[in-house]
Structures are given as structure tokens and as C-alpha cells.
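Here is the structure we will look at.
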């Protein structure tokens with residue numbers, strides 16, 4: 001019987017499962033190299049932790065790792081039901097809240113190593129967390145893609161720790177009761193991007209699709225389709241970072257000016273940025289709440305010990 005110690009939380013509605021113990025040791029000097037080893041040699045563990053019957057398609061995993069740099073508090077590898085993430089904003093907030101629960105982090109600023117590079121996270125006295133994300137930038141503006149059944153869709157391609165296609169010009173209603181139609185629309189966009197070989201810089205796969213509309217209580221509301229075809233319940237930290245990169249490139253948001261991003265569920269992140277080189281350094285503020293401190297059991301006799309995978 002294998003045992004995996006996890007801490008579950010949610011950040012603005014989006015769940016994170018922090019894996020503390022029970023995983024095989026990963027080889028590699030950097031967090032990116034450890035992520036490669038996880039992907040190439042231990043992916044069954046991702047499936048066991050993320051897929052049914054222990055997980056679900058909305059869940060994001062965060063593997064706690066020793067840091068690669070001497071001044072970092074820890075390292076982390078993010079993953080979900082379909083694969084691995086370079087960075088995850090809501091997951092970093094969940095990581096910090098969970099480590100605080102375990103007594104491993106105190107209020108203050110902490111450096112965290114991720115596959116996409118180092119980030120810093122400030123745990124505030126009231127429990128909120130501000131993540132200073134990786135360098136973010138817009139790669140291309142108003143890119144047309146022909147989407148079967150929907151016509152030509154224009155969107156910006158931007159990096160916020162993952163690759164995003166950001167669409168503001170659309171006829172969709174961003175409400176919870178319209179999630180099925182929103183999922184169909186954004187999935188069709190993602191498939192069209194792949195079919196037409198539209199990518200991020202250096203061929204990076206655009207695996208997040210983000211729609212925007214006006215919101216009465218925030219600067220914007222979004223709907224984010226994640227790589228595994230689930231939608232983000234939170235406003236999406238890396239997606240908000242990509243949005244800020246586009247706003248900055250268009251001269252619509254000044255450095256230090258706060259942008260309030262609402263999710264499809266109504267939860268909110270506060271964000272601002274600093275200019276850095278040809279891009280920006282975004283900061284995202286949100287809050288996570290703990291939901292479980294548990295031990296997952298993996299019984300080798302169980303036919304679904306390593307998850308129920310789609311064919």
C-alpha cells in the first residue's frame with residue numbers, strides 16, 4: 001500500500017492539491033529538470049493523484065520540492081489531469097497557504113522555484129497572498145484564427161507563465177449557466193489554433209484560452225479554459241498576468257495601477273505590474289482556504305490504482 005500525504009485547498013474557487021510526501025525522488029538539478037523526470041519516468045503518479053477515483057478534471061496538483069536556489073523557501077512542480085504546467089498563480093497561493101498551515105512558512109516574502117523560473121510570494125498577516133509572477137509579455141496582437149462553426153476569431157497571444165490566446169471581441173455570454181457553450185467555443189478555438197499551427201514563441205503550445213467581458217464589480221470578468229478542458233473557477237493567476245501584459249502593451253494600464261479581475265464564478269484577484277525589459281513583472285493578490293489534510297492510498301490490487309484515463 002502506497003501512501004501520499006496531501007493538503008487540499010481552493011484559491012478563489014479553484015482547487016489545489018499540494019503533495020508533501022509519498023512520491024518517488026526525482027532526478028535533476030533544477031526544478032525544470034525534475035519536472036522533466038516526473039513527466040518522463042513517473043507520470044503514473046500524476047495520474048493516480050489527479051484522475052478519478054481520487055481526483056477530478058478541475059484539480060491542479062503541486063508537488064513540494066527542495067529548492068534549486070539557496071535563497072528559495074521551496075520548489076514546486078504544477079500538474080493537472082492532462083499534463084504539466086510551467087507556473088500556476090492560484091496554485092502558488094494555495095501552496096503558500098498550505099505551508100503556513102503546516103508551520104513551514106510565516107508571514108513575509110518567500111522565493112519559490114518553479115519550472116518557469118523563480119517567483120516570490122508574500123504571505124500577509126491577514127492570510128492573503130501576493131504572488132510576484134514570472135516575466136510576462138504579449139507575443140502577438142490580434143491574431144486571426146478560422147474556427148469551424150464560429151468564423152474568424154481574433155485574439156492576442158501572451159505569456160504569463162503559460163501560453164494564452166486572449167479574446168475580447170466575441171458574442172458569448174460569460175455567465176455560469178452558459179459554461180457548456182463557453183467550453184465548446186473555447187475548445188474549438190484551441191483545436192483551430194493547433195490545426196493552423198498558431199503557437200507561442202519558439203513553438204510554445206497555446207493550451208489556455210481566455211475570454212473577457214465587462215463586469216459591474218471589477219475591471220473585467222473572464223472565462224479560462226485550461227489544458228484538460230476544465231474551466232478555471234478562479235480568475236487565473238497566469239491568465240491575469242497575460243492580460244496585464246496585453247493592457248500594458250496597449251498603454252491601457254499604467255505600472256502600479258491595480259486591475260481587479262473577476263472570474264466566471266464571481267471571485268476576484270487584484271493585480272498590478274512593474275515594467276521589466278521588454279515585458280512586465282505582474283503581481284497577483286488572492287486568498288486560499290484549506291479543505292483537507294489527507295493521506296491518499298494506492299492499493300496495487302485496485303484496477304484503478306493509477307487513475308481512470310480516457311482512451
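In case you wondered, yes, glycine gets a Cβ from its N, Cα and C as well.
Of the listed candidates (100, 101, 110, 208), Swiss-Prot assigns 208 to the same substrate site as 89, 90, 232, 237, 238. According to DSSP, residue 88 (active site, proton acceptor) sits in a coil region rather than a helix or strand.
Looking at the residues that bind substrate per the record, 89, 90, 208, 232, 237, 238, the two CA atoms farthest apart are separated by 15 Å. Sequence-distant contacts of residue 89 (substrate binding site), defined by Cβ-Cβ distance under 8 angstroms and a gap of at least six in the same chain, are 131, 133, 160, 161, 236, 237, 238, 239, 240, 241, 269, 284, 286. Distance noted between the C-alpha atoms of residue 88 (active site, proton acceptor) and residue 232 (substrate binding site) is 11 Å. Less than 8 angstroms from the CB of residue 90 (substrate binding site) sit 11, 12, 14, 16, 60, 232, 234, 236, 237, 286, 288, each of them six or more residues away in the same chain. Contacts of residue 208 (substrate binding site) defined by a Cβ separation under 8 A and a same-chain sequence distance of 6+ are given as 162, 163, 164, 165, 224, 225, 226, 227, 236, 238, 239, in order along the sequence.
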